[in-house]
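Before any comments, here is the structure.
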Amino acid sequence: MTRFLATRAGIWTGFAAAALVLFGAAPLLLSGFRLGLFAQFLCYAIVAVGIGLAWGRGGMLTLGQGVFFGMGAYLMAMHMKMADAEFRNGPGSVPDFMELAGIRELPAYWAPFSSPAFTIAAILIVPTAFAVLLGFAVFKRRVKGAYFAILSQALAGAFAILLIGQQSMGGFNGLSRFRYFFGYNLDDPVNQQMLYFIAAGVLLVVVAVALQLRRSRYGELLVAVRDAEERVRFLGYDAANIKVVAYATAALFASVAGAIFVPVVGIISPASIGIVPSIMFILGVAIGGRASLVGPVVGALAVAAAQTALSEQFPSAWTYAQGLLFIVVIALLPGGIASIAAATKRFRKEPATAEATA
Amino acid sequence: MSTTALTCKNIEVDFDGFKAVNGVDLTLDRGEVHFLIGPNGAGKTTLVDAITGLARYTGSVTKDTAGKGAVELRGKKVHHIARAGIGRTFQTATVFENLTVAQNLDIAAGAGRSPWTLLRRRAHLPANVTAVIEQIGLHEHADTPAGILAHGQKQWLEIGMLLVGDADVLLLDEPIAGMGADERETTGRLLHDIAATRAVAVVEHDMDFMRAFASRVTVLHAGTVLAAGTVDDVSNDPRVQEVYLGTTHTESDMEPADAATA
């Protein structure tokens, strides 16, 4: 089956099946509330695809994807707050949370976000450009491994703390109470379903982009850099450039996911983008199987669903279950859920091959 | 065809006061398999590190390319030196274990590829890759992951990676370490084969291998050139015998190399 999925026909079949589930089965079977939750999980899955690329294929343990997720989310939230304020009090008026905080003048950096086009461009460009600059600074100096992981995690922590201190960005409470998404009323169930479809569509596009990157020569080169960076450098490549591409792509995916997350969930606060959420992103990818294409998606969805289900039943048990899950996967199944098929095959074959090679 | 490909002048590598390489002159000519030998700590690998941009040094390394003249390599980045046609291998064969032999070679052949080419799938293997797979004797293993190749095959693959990358100067660090007699023989013949149009330098400990395949030998000791010449010249040099066998007193060990032998 895995062999078939690697062929052209197999890829189309896989995408068709996924589209059927996402656009056909899920909206039919799930209630509006559950579909909204599923849309939220799909946002996590979009982040996971990027992590799968940067970490699974490129070896960069991106412990701070919350930064890029948060950038996309806050940029979108700023636009939605501006649009709401304009709808209530006319152009140039101050969003409601600023009024409560006593801010009378609209800060200058908020003004351009009344434009939808500017906002979308910012969501696509700002986090990507930031990742490119950061990537060059870090990878040109050959910072890698645990040092890179710690650096990116610290960045996520710093970003959350920075936002908590900004009253004009909602501070600790973040930005919430959105009414409109590009003119569509968010209370309308039809529009909520539309948001779900956007999340599902973006996930398919992001998986397709990741697939192309994996199958391209670039994808082979990325694996080469992950496994033997020095060798690649001594073949005449600048390894930093190769890593930056994967890192920036992962940042772009996370930013888009954050931008969709805001209208779906209706709130963004520093608590959703700091160190703990960043580790949650990694956890899903590790459990699903970081080196595979679909593994991160499955892992992210599974972890998010398990978290929701368990915290509904036993509110305090989730943290323990999460830790246990992580230990079990790392100890018994380092390749994640995606490697179960290969692992069982190996397990069955072992007695036979052991004799053959002896 | 014996033109000079690489000229090193007065190379000094200083590790916090310890001179690992102390004023070495070396020329590598195309058409020769040039052996660098010497006891442990003589500075052989450090010299290769310096040439390829891994270790800082003083002095000068110039690469001569027909029609292009001499280019100074000192101070250039590792990947720029590699692009200039200097290829190296490592003491432990370093190949991309999760990729197939063909993928390994395709990557090695593609340092100049455009982003557009990189972002698409490989339609077919480049001609030079198929030729080199044949030359290094791995045509039956083109689709084998490099990680499960035999030790010797990995070494050949790594040499092949330098060939498809159009390296004009090959610096090989102990290419036959851990090989059996047959594999050594094959490797020796491969080296002579590829040295026909390129300069090949081999860092090696194995004296039998050196005697069988060296066109020229440079003996390093304590960071300096102790002797240089043909295999016979070097074997008959009393100082070389002293360093290798420790026959007489050791004061002369630190003497600078005799200019006449360089």
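Using N, Cα and C of the backbone, Cβ positions are placed for all residues, glycine too.
Note: TrEMBL annotation is automatic and uncurated.
These features come from TrEMBL:
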type	residues	note
TRANSMEM	A:12-30	transmembrane segment
TRANSMEM	A:36-55	transmembrane segment
TRANSMEM	A:62-80	transmembrane segment
TRANSMEM	A:117-139	transmembrane segment
TRANSMEM	A:146-165	transmembrane segment
TRANSMEM	A:194-213	transmembrane segment
TRANSMEM	A:234-254	transmembrane segment
TRANSMEM	A:260-286	transmembrane segment
TRANSMEM	A:293-311	transmembrane segment
TRANSMEM	A:323-343	transmembrane segment
Near the transmembrane segment (A:293-311) in space but 6 or more residues beyond its ends, with Cβ under 8 Å, are 14, 37, 40-42, 44-45, 47-49, 51-52, 56, 203, 207, 210-211, 214, 280-281, 283-287, 317-318, 321-322, 325, 336-339
So what's near the transmembrane segment (A:117-139) in sequence-distant terms, Cβ-Cβ under 8 Å and 6+ beyond its ends?
-> 67-68, 71-72, 75-76, 78-79, 148, 151, 155, 239-240, 243-244, 247-248, 250-252, 254-256, 259
Sort out the residues at least 6 away from either end of the transmembrane segment (A:146-165), same chain, that have Cβ-Cβ distances under 8 Å to it, and list them.
-> 60-67, 70, 74, 134, 138, 171-172, 174, 270-271, 273-275, 278-279
Given the transmembrane segment (A:260-286), which of the listed stretches A:62-80, A:194-213, A:234-254, A:323-343 has the most Cβ pairs that are under 8 Å apart from it?
-> A:62-80
Remote residues contacting the transmembrane segment (A:194-213) - C-beta distance under 8 A, at least 6 residues beyond either end | 11, 15, 18-19, 22-23, 26-27, 35-36, 38-39, 42-43, 45-46, 49-50, 52-53, 57, 181, 184, 219, 222, 246, 249, 253, 256-257, 260, 263-264, 293-294, 297
